[in-house]
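For reference, TrEMBL has these:
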TRANSMEM  B:40-58  transmembrane segment
TRANSMEM  B:88-111  transmembrane segment
TRANSMEM  B:123-147  transmembrane segment
TRANSMEM  B:167-187  transmembrane segment
TRANSMEM  B:215-239  transmembrane segment
TRANSMEM  B:251-275  transmembrane segment
TRANSMEM  B:282-304  transmembrane segment
Amino acid sequence: MRASKPAAAREPATQAALAIDRLDVRYGRARAVQQASLLLERGTLAIVGRNGMGKTSLCNAVTGMVPSSGSIRLFGEEIRGLPPHRIARRGVAYVPQGRRVWRSLTVDEHLRLAHRFRRGEWTPDGIYELFPRLKQRRHNGGTQLSGGEQQMLAIGRALLLDPSLLLMDEPTEGLAPIIVEQLAATLRSLAARTEMAILLVEQNLRFAVDVADSVAVMVNGCVVRTMPAAALAADRALQQQLMGVHAQGVGS
Amino acid sequence: MKWPRHRDRAILAATPLVVVAAWACHHDTRLFVAATLNGVTLAALYFLVASGFALIFGLMRNVNLAHGSLYLLGAYVGYTVGDQTGSWYLGVVAGALGAAVLGVVLQVSVFRFMPGQELRQALVTVAISVVLADLMMWVWGADIYQLDPPEWMYGSSVLPIVQHYPTYRLILLVLAVAVGGGLWLLLNRTRIGMMIRAGVDDRMMLAATGVNMQFVFAVTFAIGAGLAGFAGVIGGSALSISPGEDTRYLLASLIVVVVGGLGSVAGTAVGALLIGLSEQYGLAYAPTYGVLFTFLIMVATLFYRPQGIFGGR
Ligand SMILES: Nc1ncnc2c1ncn2[C@@H]1O[C@H](COP(=O)(O)OP(=O)(O)OP(=O)(O)O)[C@@H](O)[C@H]1O
Ligand SMILES: [Mg+2]
């Protein structure tokens, strides 16, 4: 490695992909995230929790879209307080809740727009290979797509940033079961074939356990515990307790 | 579906207009055609000014009530540079650039600090436009100026029915069409246009995709303000430059945008056409009540389609 590359000298392998320490997010006087701490070394970490527990607020804080206090370190470097575009250029990509594709841009324009700031392994053609469905719809506008297609587009848009950390907020929301299965397979293969760490917010426990290595539980803006995905999969009582009426049993 | 109902309504609204136009045409063809031409060319000028206003508001939701000052500043700068160098073309470029620079300064030093606060933006920019008006009065005085366009734009062209029509006003029309087409290309065929459209839809996601929104804002403001300055020089060559023009063109832009709807080049064009035509028809057929027509159109639009004729949201 060349001496001019400090990241290599700092041995990134020892640094956690994402380390959140005592993070607070406030909306006016309401606190959505309170003293949340979280560690994602490598691989895939799922965050589960009921509605309104602050999962989206946490993601928005990591991407710089809402102000926060505390500490957010990306491979050891503090990113809290940076504007969203700087965070994105450092390798954090976001697949937000509700997809948020741009209604007046075509599929192709989405991909070309995203493919500028960090040119890496991914290209629009690579995305079309990953999601052949998108290629058929490349000239369609963002809102002419089905929910599943919008999700593919949001993921494609994020991958083109060549992220070292991918944030996904409830990617299965509103998708048909068959599409959810395909998505799980896609995410697993992405996690296996790239270096990318994934933070996955999910209310679908089965999907979370299926895709993630470990699972963090969020209650009232706080991360209360983290456990291996297999442990949660085996503990039915815990699942019930965590998700209450939203529980979706995880088959044996 | 929705389309036939729209069509019915459009036909319903258009029928009396067509009847009146046919009568006017029969009554005095020459007057009617002349008024139409005047209306369309005035609309061209309104379009040039208002498109910048619509662009800025469409992306940033910035209420820039100093837009008229950008027009007037462009006109004065264009006049001075044109006068000093003897080149009208240089005047046009200087006027557009001067206004664009002031626009960027406004964005970076004022609007950046009050995102989403429309009322505050409106008040602050009114104050700025008052200050600018005084400053311009101080520099250029209260005299009335007119720029001289190049030789070949002078004189009149021969047209059917009206026989002679000022060439410069036809050029104005061509310029407006060119600017409209250019804007459309900019928005739909370029990278910055893609960013502007994505920013209108969801600007936070655009930032989270690595785009520096402050940069996109500054570029958009430069384009919008540059268009106002450009319109100032063009309009100052067709008509005249004097204190007070700033509020006149700000008002025209506001009305055009209210009627046409924000966010589309086509909406601005239609709004400009309606207002330009109604002003000139009013002048030709009912000079006393001329202004009334404009406001009738505005009130009717606000009543039936508050988002404007082409307004999407
Ligand atoms: N923009 C906002 N302004 C004010 N309060 C907000 C805002 N966004 C979220 N909240 C509040 O913050 C709390 C956490 O919301 P958040 O969206 O982070 O929860 P979540 O865990 O993502 O929920 P869900 O599972 O429904 O998506 C909620 O009580 C919510 O009402
Ligand atoms: Mg959420």
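Cβ coordinates are placed from backbone N, Cα and C, and glycine is handled just like the others.
Curation plays no part in TrEMBL annotations; they are all automatic predictions.
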Subject >> Long-range neighbours of the transmembrane segment (B:251-275), counting only residues six or more past its ends (CB under 8 A) >> reply: 39-40, 43-44, 46-47, 49-51, 53-54, 57-58, 67-68, 180, 183-184, 187, 200, 294, 297-298, 301-302, 305, 307-313
Original post:
Out of B:40-58, B:88-111, B:123-147, B:215-239, B:282-304, which stretch touches the transmembrane segment (B:167-187) the most, going by CB pairs under 8 Å?
Top reply: B:40-58
**OP:** Could you name the stretch, out of B:40-58, B:88-111, B:282-304, with the greatest number of CB pairs under 8 A to the transmembrane segment (B:215-239)?
**Re:** B:88-111
Original post:
Restricting to the same chain and to residues at least six past its boundaries, which positions have a Cβ under 8 Å from a Cβ of the transmembrane segment (B:282-304)?
Top reply: 24, 31-32, 34-35, 38, 255, 258-259, 274-275
Original post:
Apart from its near flanks, which chain residues at least 6 from the ends of the transmembrane segment (B:40-58) lie with a Cβ under 8 angstroms of it?
Top reply: 64, 67, 70-71, 103, 169-170, 172-173, 175-177, 179-180, 183, 196, 200, 220-221, 223-228, 230-232, 234-235, 238, 249, 252-254, 256-257, 260, 262-263, 265, 267-269, 271-277, 279-280
